[in-house]
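Features of the protein shown, as given by TrEMBL:
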type	residues	note
DISULFID	12-27	disulfide bond
DISULFID	33-45	disulfide bond
DISULFID	40-58	disulfide bond
DISULFID	52-67	disulfide bond
DISULFID	70-82	disulfide bond
DISULFID	77-95	disulfide bond
DISULFID	89-104	disulfide bond
DISULFID	114-132	disulfide bond
DISULFID	126-141	disulfide bond
DISULFID	151-169	disulfide bond
DISULFID	183-195	disulfide bond
DISULFID	190-208	disulfide bond
């Protein structure tokens, strides 16, 4: 529109940066780039030195995928994508396969280190969901969120899993099934307030204790 300037990288990147859309006109996906340029999948050209540097220059991210090697200040994901090393172990999944949050010796500020070495955001700790995939983010919780139940073991579980006849806390901890005022449908309430499955009634075993 002859009134504003944009970076060359933004020309033919699939996004209209000029108010009149002129930066996305006459773009040819089959066009060729010069020898010192990298061609993005959508057809735009960027300087070759931006290839696999951990910073997205192509609108479709194609300059950071299928990389055999990444530049020195970048990390190569298991799937071949390059990301900035700053994004490692910060609790956010930047690699498509999550490999930037695995096998972390230490997690960055604002992230929690799981027992398996994965990093997750602190907001996911003690939320009743196994975000670590080894349940370590739900153990030894001093407090649980208001819609969760805290087991004796310190594990947090959704309140709708209490008094359902199943031990959802962990092996050896049935605190989610005792002292129940009422049991869920299809579950028997013992005189001591413990909930057990109906199929356990009259089977010759004392399951209420």
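Here the Cβ of each residue, glycine as well, is placed from N, Cα and C on the backbone.
TrEMBL feature annotations superimposed on the structure.
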{"residue": "33", "record": "disulfide bond", "Cβ neighbours (10 Å)": "15"}
{"residue": "40", "record": "disulfide bond", "Cβ neighbours (10 Å)": "22"}
{"residue": "82", "record": "disulfide bond", "Cβ neighbours (10 Å)": "26"}
{"residue": "89", "record": "disulfide bond", "Cβ neighbours (10 Å)": "21"}
{"residue": "104", "record": "disulfide bond", "Cβ neighbours (10 Å)": "19"}
{"residue": "132", "record": "disulfide bond", "Cβ neighbours (10 Å)": "21"}
{"residue": "141", "record": "disulfide bond", "Cβ neighbours (10 Å)": "19"}
{"residue": "151", "record": "disulfide bond", "Cβ neighbours (10 Å)": "22"}
{"residue": "169", "record": "disulfide bond", "Cβ neighbours (10 Å)": "22"}
{"residue": "208", "record": "disulfide bond", "Cβ neighbours (10 Å)": "16"}
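Here residue 208 (disulfide bond) is compared against the disulfide-bonded residues 33, 45, 89, 126, 183, and the shortest C-alpha distance is to 183.
The local packing around residue 95 (disulfide bond), expressed as other Cβ atoms within 10 Å of its Cβ over all shown chains, amounts to 20. Ranked by CA distance from residue 82 (disulfide bond), the disulfide-bonded residues 45, 95, 104, 141, 151 have 95 at the top as the closest.
Nearest in space to residue 126 (disulfide bond), taking C-alpha to C-alpha distance over the disulfide-bonded residues 45, 70, 77, 89, is 89. Within 10 Å of residue 114 (disulfide bond), judged by CA to CA distance, lie the following disulfide-bonded residues from the set 33, 67, 104: 104. Checking the disulfide-bonded residues (58, 70, 95, 151, 183, 195) against residue 141 (disulfide bond) with a 10 Å Cα-Cα cut-off leaves 151.
Here is what falls inside 10 Å of the CA of residue 77 (disulfide bond) among the disulfide-bonded residues 40, 45, 67, 132, 151: 67. Under DSSP, residue 169 (disulfide bond) is assigned to coil, being neither helix nor strand in the three-state scheme.
DSSP gives residue 45 (disulfide bond) a strand state.
Taking the Cα of residue 190 (disulfide bond) as the reference point, the closest of the disulfide-bonded residues 45, 89, 169 is 169. For residue 45 (disulfide bond), the count of additional Cβ atoms within 10 Å of its Cβ stands at 19 [all protein chains shown].
Distance between Cα atoms for residue 183 (disulfide bond) and residue 132 (disulfide bond): 30 Å, as a whole number. The two recorded residues, residue 45 (disulfide bond) and residue 151 (disulfide bond), show a Cα separation of 57 Å.
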